[in-house]
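Annotated in TrEMBL:
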DOMAIN    566-616  domain 'Cationic amino acid transporter C-terminal'
TRANSMEM  48-68  transmembrane segment
TRANSMEM  80-99  transmembrane segment
TRANSMEM  111-132  transmembrane segment
TRANSMEM  174-193  transmembrane segment
TRANSMEM  237-260  transmembrane segment
TRANSMEM  281-305  transmembrane segment
TRANSMEM  375-393  transmembrane segment
TRANSMEM  399-421  transmembrane segment
TRANSMEM  501-521  transmembrane segment
TRANSMEM  527-551  transmembrane segment
TRANSMEM  563-587  transmembrane segment
TRANSMEM  593-611  transmembrane segment
Amino acid sequence: MGFLVDSHKGGCGVGGGGCFRSLIRRKQVDSVHSKALGHHRLAKELSILHLIAIGVGSTIGAGVYILVGTVAREHSGPALFLSFLVAGIAAALSAFCYAELASRCPSAGSAYHYSYICVGEGVAWLIGWALILEYTIGGSAVARGISPNLALFFGGQDNLPTFLARQHIPGLDVVVDPCAAVLVLVVTGLLCVGIKESTLAQAIVTSINVCAMLFIIIAGTYLGFKTGWAGYELPTGYFPFGVDGMLAGSATVFFAYIGFDSVASTAEEVKNPQRDLPLGIGLSLSICCSLYMLVSVVVVGLVPYYAMDPDTPISSAFSVHGMQWAAYLITAGAVMALCSTLMGSMLPQPRILMAMARDGLLPSFFSDVNRSTQVPVKSTLVTGFGAAVLSFFMDVSQLAGMVSVGTLLAFTMVAISVLILRYVPPDEVPFPSSLQETIYSVSLRYSSQDVYEEKAAIHAGTSKDSKLPLLGKAKTIEYPLLVKQEAQSNFVLNEGKRREIAGWTIAATCIGAVLLTYAASDLSLPSPLRFTTCGVGGALLLSGLIVLTCIEQDDARHSFGHSGGFICPFVPLLPIVCILVNIYLLINLGAATWTRVSVWLIVGVLVYVFYGRKHSSLRDAVYVPATHADEIYRSSGESLA
């Protein structure tokens, strides 16, 4: 057993080993010992109520005002509320994983940050790059959807004020949307003022939206009892499309729940992250699921599912019963929902850029935090201007599927990170190369104790050679520690084997999930190949679950990051089911969506190869065993990034 020091250089050595090392190097959890040197921290202003406002506001968009009609007509029928329930449970799987990692690793960056700590730099870069695309397109798409809803208050699209109305440019065949661009710039300015102020504004907008949904529930319930719930008295029964149709509806409405990850992105700005982050994620998801289910129960009961208007299902349901005036309240709720979702879409992106810049993967320009407002103003302005330009010139509705890729990739990596945290948490801590002298002095103290043990062993008739290697250009250097008893050495050996088995099992489980979901989804495969692939994938998945259930979890999980926060239940079952669900949804997004996303990811790979890898803050990091990190911190007498 030894004091292992490993320098993970970022250059490409012979055979590409250096390049591979740069992909798997992992950073340290932001702990009480460390802070970002040279960077101002974000303001800790958020409480549970703020987080609920962010989570509910980011999740409940105008989609629910449209989804209920489309899903009920094509998939679920009267069982629509069960589709929302199943989708909510599936989203809760990811929420549990997010809650544990957010409380253990409360820093800006969300899934990018967790992937960098648990998986490695290469995967973290791709997740961060995909999230940038998700939030940019998501925010632009939401902004483009506001003007049609807003036009209803003016009597139609043609009656909007000229400076807000959409205009067609014949020469370029482009429809510009000034209203969308203006709203994006207004939200950008609000986000630059401060996190507390922008969250307060989002809370007000979200409250109006929730009040509109409560009106739908209360007034709809009154109409339902008055008219006899005509939507449920059908000869086709409760499941006109069968249970399969209800489950297909769940896959569609699943994306109505994907806003809670915005809560995790604000982790660094939460006053008590170990307590408030899990509660904020859990409560916001519970509120959204309850509202979705109640609205769907009421609306489907007012009119038969086949008679619902796919474009304006809720307002048309009230109009059928003589409440045309309710359409204005419902439209107001839709507009407020879109504005709240726009804020929620634009809030995380500057923080992800800031986290990537702090790690050296992007220029330091993005990591600047304004001294007075304590928010990343420069990143916010860049992302806001980009989203405003995109929403002004481009109809991004056809790119909406690309938003789902970033979200589902993040959900998948968060679930994998929970498995890694429990079974093979990082056992090395990166230190800047400037602290090599401190590391050397700590190793000397251990080696001097070892010399004493060796002298005692020689006096007892044993002969050993003792040498203390000096820090030099070698990649890996071992410093002897105190001699352990034989039984303890065997335990260490067994522990190493356990970690190796667990690591390979996690990898095999992920491969099994990919094979199983791909074979189950691709009906064009020949039957023998399809069934064989399903069998192999299912066997890998099931054996991985069994092995991980039987072997013990790593004791280091108790001290990993900030302890005392939320603990994800039912590990390894819950993360594995989460991985399976998210990969299934990813595969079913379609070839066109993946083609567009692949172009963006290829650009990201080029940016990483030519910039990020060479400027990474871990390029010259020295890795030492985590068990000695506290002593090195004490010896250095300073906080480290």
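Using N, Cα and C of the backbone, Cβ positions are placed for all residues, glycine too.
Away from its own ends, the transmembrane segment (174-193) comes close to residues 139-140, 143-144, 146-147, 150, 160, 163-168, 201, 339, 342-343, 346-347, 350, 370, 373, 375, 377, 380-381, 383-385, 387-389, 391-395 of its chain (Cβ-Cβ under 8 Å, at least six residues beyond either end). Nonlocal intrachain contacts for the transmembrane segment (80-99), taken as residues 6+ away from its ends with a CB within less than 8 angstroms of a stretch CB, comprise 68, 71-72, 246-247, 249-254, 256-258, 260-261, 263-264, 277-278, 281-282, 285, 288-289, 292-294, 296-297, 300, 305, 411, 414-415, 417-418, 566, 568-569, 574-575, 577-578, 581-582. Counting only same-chain residues 6+ beyond the ends of the transmembrane segment (281-305), those with a CB under 8 A from a CB of the stretch are 48, 51-52, 54-56, 59-60, 64, 68, 72-73, 76-78, 80-81, 83-85, 88, 91-92, 95, 98-99, 102, 210, 213, 216-217, 220-221, 223-224, 227, 229-232, 234, 240, 253, 256-257, 259-260, 263-264, 313-314, 316-318, 320-321.
Between the transmembrane segment (237-260) and the transmembrane segment (501-521) there are fewer than 3 Cβ pairs closer than 8 Å, counting only pairs 6 or more residues apart in sequence, which means the two stretches are not in contact.
Residues 80, 142, 145, 149, 196, 199-200, 202-203, 205-206, 209-210, 213, 252-253, 255-260, 262-263, 266, 270, 276-277, 279-281, 283-285, 287-288, 291-292, 295-296, 299-300, 308, 310-314, 330, 333-335, 337-338, 340-341, 343-345, 347 of the same chain, all 6+ positions outside the transmembrane segment (48-68), place their C-beta atoms under 8 angstroms from a C-beta of that stretch.
Averaged across the domain 'Cationic amino acid transporter C-terminal' (566-616), pLDDT in this predicted model comes to 92. The list of residues near the transmembrane segment (501-521) in space but at least 6 beyond its ends in sequence, with Cβ under 8 angstroms from a Cβ of it, reads 416, 419-420, 423-424, 529-531, 533-534, 536-545, 547-548, 551, 554, 576, 579-580, 583-584, 587-588. Helix, strand and coil residue tallies for the domain 'Cationic amino acid transporter C-terminal' (566-616), in that order: 40 helix, 0 strand, 11 coil [DSSP]. Same-chain residues lying 6+ beyond the ends of the transmembrane segment (399-421) with a Cβ under 8 Å from its Cβ atoms: 93-94, 97-98, 100-101, 104, 110-111, 114-115, 117-119, 123, 126-127, 130-135, 137-138, 141, 255, 258, 261, 506, 509-510, 548, 557, 560, 568, 571-572, 575-576, 578-579, 582-583, 585-586, 589-590, 592-594, 596-597, 600.
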